[in-house]
Amino acid sequence: MKQYLELMRLVRTQGISKVDRTNTGTLSIFGHQMRFNLSHGFPLITTKRCHLRSIIYELLWFLNGDTNINYLRKHHVTIWDEWINEKGDLGPIYGRQWRAWGTADGSYIDQLSDVMLQLKHNPDSRRIIVSAWNVGEIKQMALAPCHVLFQFYVANGVLSCQLYQRSCDMFLGLPFNISSYALLIHMVAQQCDLQLGEFIWTGGDIHLYRNHLKQTDLQLKRNPRPLPQLIIKRRPASLFQYQFDDFYLSGYDPHPAIKAQVAV
């Protein structure tokens, strides 16, 4: 994943010093795009070990429309622990917005179900979009959405997807985000009998936290290795019926993990 390392190097060498919500301090750039051809391999970074297990369980949690941490804790996934309240709830974050966006008349919109219908019956639509940026509910969320909007695109039986991410934690968050959306595209493509195309990632405020700079320098010294392949072992009846054991990663040979503290 040379694209990721090139962006990391750009932020490290040319990023502007900024203050931030967490008071940690960042080096930041604004606006960048990366493209990943999913037919060339699954984009899971190899210059450090990335915890695919957490990525899979988090995505299944989102797809379920869940916002309570209990499901993640049951499966020993801790990536949201810093933001929970005393009841283990995170407010109307991604899963709620994807599956049950509230409307003015009190009803709900299942954006993902609508997207699946469009991909199957009207794949040329320019409205195959899912948004998590519900302005009316942001203050109720434990953390405002970072990856805010994604759009699917079908051409000649090939499925691509573009994500806009308003805020990007380059060292800890972005590797998860890239792999999570790549996983989602694999699942959607299987459900819709489409071939894999590109994942296009577009970032807004792309930053390295100052307490991640030593780890960044270490990672930039490492050479990327061949990408693994993602194998989906069965085809469930719908997008919302996948299970963790449906996924198998072949050929993942990363460098050792690099630990870093999350900025809260």
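Numbering starts at 1 and runs along the chain as it is shown here.
Yeah, the Cβs are placed from backbone N, Cα and C, and that goes for glycine too.
The active site, nucleophile annotation in Swiss-Prot covers C146. Taking a C-beta cut-off of under 8 Å and a sequence gap of six or more, C146 (active site, nucleophile) has these contacts in its own chain: Q165, R166, S167, C168, D169, G173, N177.
Every protein chain considered, the tally of other Cβ atoms within 10 Å of the Cβ of S167 (dUMP binding site) stands at 19. Residues or ranges marked as dUMP binding site by Swiss-Prot on the basis of sequence analysis: R21, R126, R127, R166, S167, C168, D169, N177, H207, L208, Y209.
Look at Swiss-Prot and you will find H51, D169, A263 tagged as (6R)-5,10-methylene-5,6,7,8-tetrahydrofolate binding site. A263 ((6R)-5,10-methylene-5,6,7,8-tetrahydrofolate binding site) carries neither a helix nor a strand DSSP state and counts as coil.
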Secondary-structure category, per DSSP, in which C146 (active site, nucleophile) falls: coil
Three-state secondary structure, which DSSP defines for R127 (dUMP binding site): coil
Close in space, distant in sequence - H207 (dUMP binding site), Cβ under 8 Å, 6 or more apart: V11, G15, K18, D20, T26, L27, S28, I29, S167, C168, D169, M170
